[in-house]
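Lifted from TrEMBL, the feature list:
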type: DOMAIN; residues: 148-175; note: domain 'C3H1-type'
type: DOMAIN; residues: 221-294; note: domain 'RRM'
type: REGION; residues: 292-347; note: region 'Disordered'
type: ZN_FING; residues: 148-175; note: zinc finger
Amino acid sequence: MTDASEETEFPILCETCLGDNPYVRMTKEKLGKECKVCTRPFTIFRWLPGRGMRYKKTEICLTCAKLKNVCQTCVLDLEHGLPVQVRDSALSIQDSVPQQDGNRRDYLARTANSLDVVGEQTDFSGRAQPAGREMLKRMTRKDPYYKRNRPHICSFFVKGQCTRGNECPYRHEMPQGDPELAKQNIVDRYHGNNDPVAKRMLARSHKRDSRLLPPEDKSITSLFVMGMDTSVSQSDVHDYFRAYGEVKSVVVVPKGNCAFVNFKTRADAEAAAQAALGGCVVKDKALRLAWGKPKPKGPGSELAAKSQRVVSTPGGSLPPPPPPGALTDTVIYPSQDPTAQGACGKH
């Protein structure tokens, strides 16, 4: 007897796997194959996502897809388009599906009935902390990636032995990129273990986050925002960062597509940098963050500080100049500083 979860007229698919053809046609076969996760027979769907693409089919059953809120074909998260391992790392979710065959069958049998009643996928969005939500917003793919549906590379062409020519249904090109990415297992991807794509994405994210380590100079209380455009205004940046502390000022540089956010205290700046995790999303625009640089220190800055001093003397007049040839450490006029630009090296 077929499970109620298999009685469906359409599978759970992401927009990328479905393709850009609005008139896609599918073939359906009840109990046509075993699920690659739970090994139970399930309904197979097969379709062509677009011209020049390869035929695709469902790989896991409907129940397993609902439990993880993933696509039945690519096993990526439906909401964010990310691997399960990346999503669970951002939301601090532990895999609750047993990996042993006997325990997994019992677990799926208990949960299948509850999923059939509502007919919806598991919702993970409410479990995210602020830092996790920012990480997911930054890494979420906004548009479908249809190149993922292209035919596989012809192994005979790589060896120089393909004789089909233009009639070959596979791609005639040499493999590029990391060879580890080709070693993907659907079961590991579903449980969020040993996924090479997820490891690469997390490593890239952690490398970006390491650039926001607080600098040793405690006088730095500003953040440098990169990647802005005309859609993000000064008030938008101010409204976003004031949730983490008191913002003293926001300086937008339109020509450089960047902005400087100056906080009142160092603690507020560190809180904003920690919450942003190397980037943020303002008005649906992904922005990059970095700590500001300290103010320049040198003879010019010391001279400016000395020139701003007010020398108070009785009567409010300037002190008399030193006698000729006498040395003094007090700089009254900027032109008397030998370290200033334009001064001669010889006295």
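The count begins at 1 with the first shown residue.
Cβ coordinates come from backbone N, Cα and C, glycine included.
Unlike curated entries, TrEMBL annotations are predicted automatically.
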Confidence summary for the zinc finger (148-175), mean pLDDT rounded: 89
Tally of residues which DSSP labels helix, strand or coil - the zinc finger (148-175): 9 helix, 2 strand, 17 coil
